[in-house]
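**Student:** Dumping the structure here so I can ask a few things about it.
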Amino acid sequence: MLFNINEKGEPLVISFAPFLSPEAIKHLQENERCSDQSQKRTAQQIEAIYTSGQNILVSASAGSGKTFVMVERILDKILRGVSIDRLFISTFTVKAATELRERIENKLYSQIAQTTDFQMKVYLTEQLQSLGQADIGTMDAFAQKVVSRYGYSIGISSQFRIMQDKAEQDVLKQEVFSKLFSEFMNQKEAPVFRALVKNFSGNCKDTSAFRELVYTCYSFSQSTENPKIWLQENFLSAAKTYQRLEDIPDHDIELLLLAMQDTANQLRDVTDMEDYGQLTKAGSRSAKYTKHLTIIEKLSDWVRDFKCLYGKAGLDRLIRDVTGLIPSGNDVTVSKVKYPVFKTLHQKLKQFRHLETILMYQKDCFPLLEQLQDFVLAFSEAYLAVKIQESAFEFSDITHFAIKILEENTDIRQSYQQHYHEVMVDEYQDNNHMQERLLTLLSNGHNRFMVGDIKQSIYRFRQADPQIFNQKFRDYQKKPEQGKVILLKENFRSQSEVLNVSNAVFSHLMDESVGDVLYDEQHQLIAGSHAQTVPYLDRRAQLLLYNSDKDDGNAPSDSEGISFSEVTIVAKEIIKLHNDKGVPFEDITLLVSSRTRNDIISHTFNQYSIPIVTDGGQQNYLKSVEVMVMLDTLRTINNPRNDYALVALLRSPMFAFDEDDLARIALQKDNELDKDCLYDKIQRAVIGRGAHPELIHDTLLGKLNIFLKTLKSWRRYAKLGSLYDLIWKIFNDRFYFDFVASQAKAEQAQANLYALALRANQFEKSGYKGLYRFIKMIDKVLETQNDLADVEVAAPKQAVNLMTIHKSKGLQFPYVFILNCDKRFSMTDIHKSFILNRQHGIGIKYLADIKGLLGETTLNSVKVSMETLPYQLNKQELRLATLSEQMRLLYVAMTRAEKKVYFIGKASKSKSQDITDPKKLGKLLPLALREQLLTFQDWLLAIADIFSTEDLYFDVRFIEDSDLTQESVGRLQTPQLLNPDDLKDNRQSETIARALDMLEAVSQLNANYEAAIHLPTVRTPSQLKAAYEPLLEPIGVDIIEKSSRSLSDFTLPHFSKKVKVEASHIGSALHQLMQVLPLSKPINQQTLLDALREIDSNEEVKTALDLKKIESFFCDTSLGQFFQTYQKHLYREAPFAILKVDPISQEEYVLRGIIDAYFLFDDHIVLVDYKTDKYKQPIELKKRYQQQLELYAEALTQTYKLPVTKRYLVLMGGGKPEIVEV
């Protein structure tokens, strides 16, 4: 029971323990350290759980128990008197929110079982019941709640929907873009706009490249806290700032000088090699050595004296001098080994080459950028207007609305800040600036709890910015008064073999330049238990490389996908694990960088009978055969003269016309017509008036008649029925749904067809009607090279898992294979014609006409694409950001493993040393080398080569073709089947007899205790009421639903576009209103309207509430005035829980419910319940709800040990409020 009231009706105050002081936390840490528990909490975990009263940033390494810490902290808050609904808990995914809620629920149940204090049990039970309504979820979900409740304050209806289908978004975007593009092409600044379009698309007819530019700018702006302000103030920031050589950032100059000095140092190391050949046979310096010494000396001098010799203004001159000094090639050869000494410097020189010329023309592109800024701003506003009109928004819109509500309404913002005791965020490293702004508005400035790991920030494509986490980390370390940093380093997931190789790799690879964090001692993984440190020699990490000196010929042509030989290596290792060590398939996971080009893995595994479950691939729903057949069927129904669709339908299994049939039909041309469609030829063939009627034999004629009859019925039905019903009619008429069940991948095919019907139904429910619009929408999706989400089907559990690294985040697996390690990182974005940056704005490649510079007179123009200075700055930052994220992806992949990690790739064994750098600089790989290497494999090989004297905890092994023969790979061992002829130990009949006896006993028990079996553990008064209804009918008591049935069964057609309001929703809204209504004020229409804004219901439901009737209850009835007179004794919407005994099974069960209102006096209780049911006579409702009110009265009497002297029903379903005493 949840009433915290004593026997006299006075509230009981639970004495909660205070929050722990720093000294108490230290004492607890010491006690934990000295305890004899098998699994102890670490000192840092204890600190993270119990520290309070300030902002806290928890940097939790992989496997360090961050979820455990969050759950324990939440439970501790609850035990210290903080209600669960006063905690804001943000998770990255809906799944994570569900799991967190379940863990909290289990903890509360456990705590209730352990607690002996009755009042604490009541309090914890209240928390358990409030858990479902607590703010535990994604930022998107919370933003929707804010907008649903307060959207009216910024003019947004609470009746909105989320556009989750990218195809629908693209269709609306295309409509807005086309209209806006036409307007700009006819405006006053049209010549500048045309130049802008030509700069990206080449001509004004093909606008696809320009459209992509606009869409990308729009999407990028949506991840900022205020898109409009960002577009107005930051979009052209770099274009305005970087216009001269002096404007180049110092950091970029430092990187160039560092590359020059590194090149000099590397060249010196090469010249010092024993086999280099410094001297000729005569003993004098060799020409090569003299030349290299000159390069070393000049590069060192220019770096040392850069400011006095050149400075920023002379940067262009420095680039020319260095270019003329060093050789054009990258390598220096010593004893037939090539060392790429000059490669990095050449890349840097390329970045700065032609700066003077670029800056000369860069100013010409500024008017184009201003036009682009105007267009994107106009597009953003127009697109939003369309979405407001449709009342359909993207998630980013809803979050921006929520930010606007909190920024513009001080009272709403303060109410949230006062309400939340703490603002908790999981996966903080993946927040974007929009989400960060929302969190800042919800916090009071000193109550944030953020958990994350910057080393696992891998969602840059969602505009996540790890620098948000990084900045907080730096700020809190420099200024502890702003917040506290707690490091969770202990890993409780992986064996030492995995931890050691992870530390070895990333201590040589990751720092703030690449990776965004220095992987030093405070970030290294430490085993959390002694069991993890027990060594297993066979679990040492392996880098297995297929030797590509002799290519197997099975690799994809673009060499980006995984090859057959690499997959065979994996299959061989899995067979060995399964056969020799008994590792179940489900303990093995394959991780890949992307979902595409993985079919070869499934195909190869099938050859070796290894079961595999894939995470899916490219979205090809609309391109699946069965869906294409149905879409062409719908196209034909919409327009039979569409020859392509018609032929596809005729050739489909539904009608099975072959090539010969189609050829005969095609010859039925009307010679008088120039153009004749296939549908007309079919009609002429049926009536025998084609050019060659003799070709139409009886069998073909019969097929044509069936086809035309079926098509006619479908076309007629399409005009009257829904799309959903039409699709199912097609399935049933031609048995197509059943047909695909007999084909390969039958389950997937049927799921796809079923989903097509559901999507058509969803399409019509969203306000779009008709077959034509549906077909048009699908075609637009295909035109934009998009697709609809694939349909998932059930997968086997005992199988190897194949998933992307992104999908694996947060999961763990005993054995992990990281595949395709030789795949180059995608650098597509840094080669686009534009690059966006949050601080700098946009940088573009400008198509300049350099005819005047060249003095050309014969050509009309000489166009050259130039990388403007803002573009180069953004490009460098984007390159480093991409490499940093790839490094973090590798960290995530490696730390998923519990026992062993494998790296799989391919490389040329004879060339494997070419990538290495001969200079060892400290503990890290040289920055220039890390920037130069573009695969996981290259990083690992470079570390293995340069730090070969260390134990790196992984071995490199090349696999030859001879290792991958059928005999070498082997086969899975299958268990020995029982020999049916061997009856020596066959006791089958005895076993069956015993099983039958057991089944009979179980059946008898089930029969004896049937009532108890079907008895729910928890029941509600409404359920009991429903159970009594069948018993009331035979004795002449009418059930209200039956007595109030309309006399006519005819249903009038519903033409109104208004949303139908359910009676149950009105009832819920009335109860909410009666709960929040302030009784200390006079009850009038204004009071009721003010209270109405506070309830969580949509506008249609609020409008349906009869406020005059509610006002009449309080003003015109004695009970309503009783409410106002004795409001201090009034309890509203009070939950209760009592133990009952089922009369049939004699088993106990819990009865839970919520009492609308009751008045608690010293010697008695008055019970009130509101009803909105429609009725003819009040006696009907009195009989219907008598049992329910008796249960309420019993609960109150058990709780307070006082009689319930009066029970009232307040009936709001009639013409006026009526009071019935029960």
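Here, residue 1 is simply the first one shown, and the rest follow in order.
Yeah, the Cβs are placed from backbone N, Cα and C, and that goes for glycine too.
For reference, Swiss-Prot lists these features for the protein:
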- Ala60, Ser61, Ala62, Gly63, Ser64, Gly65, Lys66, Thr67: ATP binding site (BINDING)
- 39-495: domain 'UvrD-like helicase ATP-binding' (DOMAIN)
- 524-810: domain 'UvrD-like helicase C-terminal' (DOMAIN)
**Student:** Can you tell me the three-state DSSP label for Ala60 (ATP binding site)?
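**Tutor:** Once the DSSP labels are grouped into three classes, Ala60 (ATP binding site) ends up as strand.
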**Student:** Which site among Ser61, Ser64, Thr67 has the most other CB atoms no more than 10 Å from its CB, taking these as binding-site residues?
**Tutor:** Ser64
**Student:** With Cβ-Cβ distance below 8 Å and at least 6 positions apart along the chain, what are the contacts of Lys66 (ATP binding site)? List them in sequence order.
**Tutor:** Val58, Ala60, Asp426, Val451, Asp453, Leu488
**Student:** To test your reading of the ATP site: which residues beyond Ala60, Ser61, Ala62, Gly63, Ser64, Gly65, Lys66, Thr67, same chain only, put their Cβ within 8 Å of the Cβ centroid of those residues?
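**Tutor:** Near the ATP site, beyond Ala60, Ser61, Ala62, Gly63, Ser64, Gly65, Lys66, Thr67, sit Asp453, Leu488, Asn491, Phe492, Arg493.
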**Student:** Neighbour count first, Cβ atoms within 10 Å, every protein chain included; then name which of Ala60, Ala62 tops the list of binding-site residues.
**Tutor:** Ala60
**Student:** If I restrict to non-local contacts, at least six residues apart, and a C-beta distance under 8 angstroms, what lies near Gly63 (ATP binding site) in its own chain?
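**Tutor:** Correct list: Asn491, Phe492, Arg493, Ser494, Leu525, Gly528, Gln812, Thr895.
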**Student:** Average the pLDDT scores across the domain 'UvrD-like helicase C-terminal' (524-810) and report the rounded value.
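**Tutor:** Per the prediction, mean pLDDT sits at 85 for the domain 'UvrD-like helicase C-terminal' (524-810).
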**Student:** List the residues of the same chain that sit at least 6 positions away from Gly65 (ATP binding site) in sequence and have their Cβ under 8 Å from its Cβ, in sequence order, or write 'none'.
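**Tutor:** Counting only residues 6 or more apart in sequence, the Cβ neighbours of Gly65 (ATP binding site) under 8 Å are Gln45, Leu488, Glu490, Phe492, Gly528.
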**Student:** Three states by DSSP: which one describes Thr67 (ATP binding site)?
**Tutor:** helix
